[in-house]
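Novice: I have a structure I would like to understand better, so I am pasting it below and will then ask my questions one at a time.
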Amino acid sequence: WGVTTTGAPDIWKYYKGKGVVVGSIDTGAEYRHESLKNNWRASKGWFNPYNGTLFPLPVDSARHGTHTIGTMVGSHGIGVAPEAQWIACMGLYIREGTPAGLLKCGEFMLCPTRLDGTHPECKLGADVINNSWGSTKGYNPVYEDMVTSWRAAGITPIFANGNSGPKCGTTGNPGMYTRVISVGAVGSAQKDPNYLAPFSSKGPGYPRDANNQTLTIVKPDISAPGYPTLSANARVLDGYLHMSGTSMAAPHIAGVVALLKSAQSDLTYDEIYGYLTKTADREVLKPEPEKWYFPNGTFFSDGAYNCGNVSDASWPNNRYGYGRANVGTILRDGKLNDTPRPAC
């Protein structure tokens, strides 16, 4: 249901991501999986900052990375942009990463290298990078320069917004950065795409500017399916499994960006951001419930309304951002929609 909700199947007869390189900073990848084996770029397409050349071919330490890559570019109906190529860096070793390791992955995505980190080739860099990782400890600028370098190179950075909902002000870091597209999750135990996922972190985000002044900004920027979604299972080469989280939502958006770049390769970050946010689905999205319950009916939290004193009825808001992404409203009849709906 996730790929369908993004509207991707409606435009596959025109674009499937061909010519676009999608980067993954995650727990690695199982490159032999049936849905991923045909579009991994083997030339400088894998890097492990923790174990160097010990693993010369992509491996996945925790299944998470294989699942997110499958959502971006997998075949067999699981990926948003199934003809895009993918490259990967193991920024998270068994689901945890260090700033040093993640920053090395950031450099690799910008200018891919050999396994030992030599012979960088910036022309092989990613077009869009999915980052289904983050911290709940508040703003930390350690990755700001990395994001700035990506943006300067024309790379679109996508980050998960975090899984600390439903309370307000729970956006993760670096998802709260001003220069990234942060993604919240929609979905329910019944896979209803019109509900905010109960765990999806809400804004506002509180990053700092160049003068070290705290900002208050609406986050997430956009929402996508994340509860639960089906993708590749790293432990079974022809198997699939459901996983939940904004980690699953973010790669849907990375896949959408790959489709847009496939349609027009010179699209800028600002243009991509504008298309995503001005065409998002809104009217069908459900309001915040008074109380949140587990699927078994057990109460676990009161609803959180109008976070950051931003009305849930306005767009963007600190629940869904600008709404739920729909690439079918951006690309119509194979052409970019030049008259997107004005932002509310």
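Glycine too: its Cβ is placed from the backbone N, Cα and C atoms.
All annotation found in TrEMBL is predicted automatically rather than curated by experts.
Given the structure is predicted, the values throughout are model-derived calculations rather than measurements.
Per TrEMBL, the features are:
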ACT_SITE  ASP26  active site, charge relay system
ACT_SITE  HIS64  active site, charge relay system
ACT_SITE  SER247  active site, charge relay system
DOMAIN    17-323  domain 'Peptidase S8/S53'
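Distances, neighbours, how buried they are, the whole picture for these features please.
Specialist: For ASP26 (active site, charge relay system), the Cβ neighbour count at a 10 Å cut-off comes to 29, with all displayed protein chains included.
Annotation for HIS64 (active site, charge relay system): same-chain Cβ neighbours under 8 Å, separated by at least 6 residues, are ASP26, THR27, LEU92, ARG95, SER132, MET243, SER247.
In three-state terms derived from DSSP, SER247 (active site, charge relay system) belongs to a helical segment.
In the predicted model, the domain 'Peptidase S8/S53' (17-323) shows an average pLDDT of 97.
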Novice: Once the chains shown are all counted, how many other Cβ atoms turn up within 10 Å of the Cβ of SER247 (active site, charge relay system)?
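Specialist: The answer is 27 other Cβ atoms.
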